Structures are given as structure tokens and as C-alpha cells.
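Undergrad: My questions will all concern the structure given below.
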Amino acid sequence: MSTSTSIRSSVAMMAPYTKGHRFAIVSGIILGIIAVFGQAAALNVFGKFIDDVIVPADFSAFPHVAILYAVISVAMIAGGCVSQVALASGGEGVVRSLRSELFRRIMSMPASFFDRNEPGDLLTRIDSDVDEVEVFAVSGIDTAANAVFQVVVFTGMLVWLDPELTLVALVIVPVVLIATKLLGRRMAAVEAEARRRASNLMGVAEQSVNGEADARAFGWVGALTRRFDEEGRHAQAAAVKETRVGQVLEAVGSLAVVVAALAVIGFGVYQLSSRTITIGTLTIFLGFLMELYEPITDLGSLGASGAAAAVSAGRINEIFTAENTTPEPAAPGPAPATPTDLRFDAVTFSYPGRARVLDAVSFAVRPGEVVALVGDSGAGKSTIARLAHRAYDPSGGRVLLGGRDLRTLGSSTVTGNVAVVNQFPALLDTTIIENVRAARPRAGRDEVDSAIRAVGLDDVAAAFPEGLETQVGPHGRGLSGGQRERVAIARALLCRAPVLILDEPTNGLDQASVTDFTAMIAALPGDRAILLITHDQAVARCADRLLVLSHGRVAAQPTPTPLAPRRAMTPARLPRRALAPVASQAGNSSTPVSPPDRWL
């Protein structure tokens, strides 16, 4: 990618996010340009200082020249400081805006997006890639503007001071530009590799930290440590290579300055002997020459930083242009009336590139009904939960909420009407009550307390010294599995969704906790449609109906029976009900599919 293309792609990405920060950025650039005049003025005064004070040893001229030099220097330094602060303020504001928008985009993506992307890689894009683009698109523009202005001003000063010395000094410039351009291409490649290696290292760290419990249980700590160390060595090698190329690039500029300075000094001494130049003029000429080669090197290396920024910009743009497999409808339909039902109508589904998971599945969960969905691991139970709150769209058939296809409803309508408690509920690192309130931050305390009492969380909290104000710790690790489930279900109740889906809510719980859970389900208010996904037969028995999912199809469900009043139900009064194989519904095969014996 050419330098100009790199600049355009990076600047184009950042441009929309400069709104509200443009004054600071432009002010910083202008002040930086003004500081260039200060540099030129200070060098000229310094030359006068040498010719009028030092060479003749005339102290009488010292105060005036010293005051002038000090005033110019202070103004130049102050302007430079204000320029850098303004650029930092504007640049960080742009970073915050872009990073927030990128985070918002990532969090709005469907489950399929997270199935394809490693969390560590996403974190790297949010962090390092955004910084890389900002450094070039904001700081790089400032560097380019200042460098161009410095080259013009300082070259002009050199020509004004001594045209012959200028030709001697600038003869090496083409060599510097060619060398920095070639090295810049190499720099872009090694920076891209360093970014990839850093992303891999972050991915290993994220996976290891999140899975530390299993790592300890299965003795993976040593293997994970070795893998992390190996990725660390790769990242180290890439970083060292990046530094090495960068140092060579810097050395080229420094060597050019040395060669040019020696040439100027040699020719300058010859001119001094012929009295065509003063010591002061030669000194400030060397000063301008030193100042000139830095912006020339900056311009030469701009291609390298631009190419690296373009790589990061491309990685960020991949997120913004990623296909949303569950797009918002063009004209979202109204929310269904409550209470409402959840219905699967001949739903077929397969994950991208994989075999079919669900095959023409049809069933309904009515208001006030608890339906248990059971089956072997891998039968597609959790997939049904994902489809029910539109983490995915079905490959065929429809998922209906109150008779309306989920694809015709806005995402906020779906999430507001379908609450899901996943197998491993995510808790915030805050108090118990704030975790519950997170479902509806503006809910009144009475509503929060009602949801807490409905799941018996008040009794659980009473065992802690700080009650509901107890901190749950990172990922809720300060609570037991059953306690986390209660918090998650209370949160789901508070959001007042008419459909509640519980995905393996007793996974990992002991028998006493399972008994408590079934009693809690039996006591829930009876106006919700509840889909209880479980592999636990004891939990399944507390439901009004039982659906058996086998090989991606509903294998059996009970013959219709009247529903018992919700609050009259207890685990003891909910005997296991006989199941009868059923013929297909809305597209199932006419031949009944026998469920596994253990579910009959």
C-alpha cells in the first residue's frame, strides 16, 4: 500500500471521530508551525551572539542579545508545550470516540461473530490498533505538517545564509530519502508481524485466565505456561526486529547528518580562511542543518508509520464492515401484547460450515406454562435458546413471539420480551443488588425486592454480613453456583420479559441446590412462558410439559393435560408424566422418532 493510500485510509477512518476535537487538533498544529519560526529566530540570534559578543569578547552587547534570545526561547518552548497538550487532548478525544464506537459495534454483533473471533484479538483491536491509527492520523498529520514547514523554512534560511554551503549540505538528501523509503517498507512488514504476534499473545493470556479453574483441575497450568512463553518469545522476536529496523532507519538519518556536517565544516573552514563567512554564520548554518535533517527523516519514515497504521485501520474496518447475520428489520414491528407465547414453527438450523443441528422443530410455550426441553448433550438444546432470543436466525422455518417472526422485531423488542439465563451467567464485579438491578437500572426498590424474594435471594443474602450489598467478586466467584443462578434469575424476572428461558440452570449444582431450584421454579408467578432447558430429570419433572430433543428433532412430548395452578405446584406434587411419541408437526417426518429410553 502506498504512503498516500495509507494516509487516506487512516485519516478517512479517523475523520468522523474528530468532531468536537478539531479545534484542539488544529490549534496544536498551528502552534507547532509557529514554533518553527521561533526555532529559526533563536538560531539567528545565537549567531549574532557569537559574532557580536563571543568573537570580539564584547560584554556590553551581551545583555541585549541574551534578553532577546531568552524571550524567543521561552516563547518557543511555551508554544511547543501548549501545542503538544492541545494535540494530546484532541488525539485522546478522537481515540475515545473511535474506541467507544468500536466497542459499541462489537457488543452489537450476533453470537456468530464471537464464534469466529478470539476475544484476545478483539481486545487488541480495541486497544493497540486504535492507538496505532491515532498516532498516525492525528500525531502523524502534525508531524507531517511541521516537517514540511521546517524543511521549507530551514532550507530557505540555509540558502539565505550561504547558497554554496547549502548545495554541499543537501547533496546527501536524495540518498537519505531513498534509504528511508526502502527501510520504511521493511518497517511496515515487521510492524504488522509484531501486531499479529502481540494479538496471539493476548489471546493465549485471555483464554488461560478465563479457564484457570479447568487449567488447575486438569493440570494444564504447565502446558499453558509453556504455550504463553512460546508466544511471548515470538512476540519478543517480532518486537526486537521492529526495534532493529527502526534503529537502522534512525541511524541512516543520523549518519547523513554527520556526513553533511563534516562536509559543511570542511567547506566552511575554507570559506573562513578566505573571509567570505563568519564564525557565527557557520555556526547557525550548522544549527539549521542539524534541524533540517530530522524533519527530512520524519518525512521519509512517514510511509512506514502510515503502512503500519493502514494495517491497524484495516483490522478495525473489518469489525465495522463485518456482516451482521441478525440484521435489524427495515421497519420493526410493534412489540407483541403480553402475556405472550414462544413458538418454533418447523425450525431448521445449522451453524456455518457444520452439519444440521435442528431439523423442522416445532413446539410452543404458552403463557403461564413451564416446558422442559431435555435431551442428550449435543442434541441442540442450547441452540434452541440461542434462536429464541435471536442470537442466530434459523436456516428455515420461523421463531415466533406472540405470533410475530423475531426477524420482524427490533433487537430491543426481542431482548425486552425474551429473558435468557445462560448456563454460566455473567455477573458484574459489584454487589448482589446491583447485579439484579442491572436488568433495569431505573426499576424501583420495591420491584427489585420483589424479584429478589421471588427466587429466595433475600434468604441467601441474609447469610452474608453485608446482605444484598455483598460484593460478588470478579465473574461472581464470591458466590456459589446456586447463588449465582438465583441472582441471574432475579435479574431476568426484573426485566419483566413475558418469556423466560433457563439454559441448564442446575449445571454443577448439588442435590440440595437442585431441590431448592425446583421449589423456586414452582413458586414463580404464573404469567410467564418458561422454557426450561435441562439434562437433569429431577428438574424436568417440575415442568408442565416435557419435550425430548433427539438428533435435532422433537422426539416426543406428552399428550395434552390441563395446567395446574402455578403456586399450587411443588416438586412433590409434580410426578413424572408419561410421554407418547408424536407424529411430525409443521414439517416433521410422519414417522415418529423414538426418544432415548432414559427420558421415557
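For all residues, glycine too, the Cβ spot is worked out from N, Cα and C.
Below are the features I grabbed from TrEMBL:
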type: TRANSMEM; residues: 23-46; note: transmembrane segment
type: DOMAIN; residues: 28-308; note: domain 'ABC transmembrane type-1'
type: TRANSMEM; residues: 66-89; note: transmembrane segment
type: TRANSMEM; residues: 135-159; note: transmembrane segment
type: TRANSMEM; residues: 165-183; note: transmembrane segment
type: TRANSMEM; residues: 251-270; note: transmembrane segment
type: DOMAIN; residues: 342-576; note: domain 'ABC transporter'
type: REGION; residues: 578-600; note: region 'Disordered'
Undergrad: Averaged over the domain 'ABC transporter' (342-576), what pLDDT does the prediction give?
TA: 81
Undergrad: Please give the sequence-distant neighbours of the transmembrane segment (251-270): residues at least 6 beyond its ends with Cβ less than 8 Å from one of its Cβ atoms.
TA: 164-165, 168-173, 175-176, 179-180, 183, 277, 282, 285-286, 289-290, 293-294, 296-297, 300
Undergrad: The transmembrane segment (165-183): which same-chain residues, six or more beyond its ends, come within Cβ distance under 8 Å?
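TA: Non-local partners: 155, 158-159, 245, 248-249, 252-253, 256, 259-260, 263-264, 267-268, 271, 277, 285, 289, 292-293, 296-297, 299-301, 303-304.
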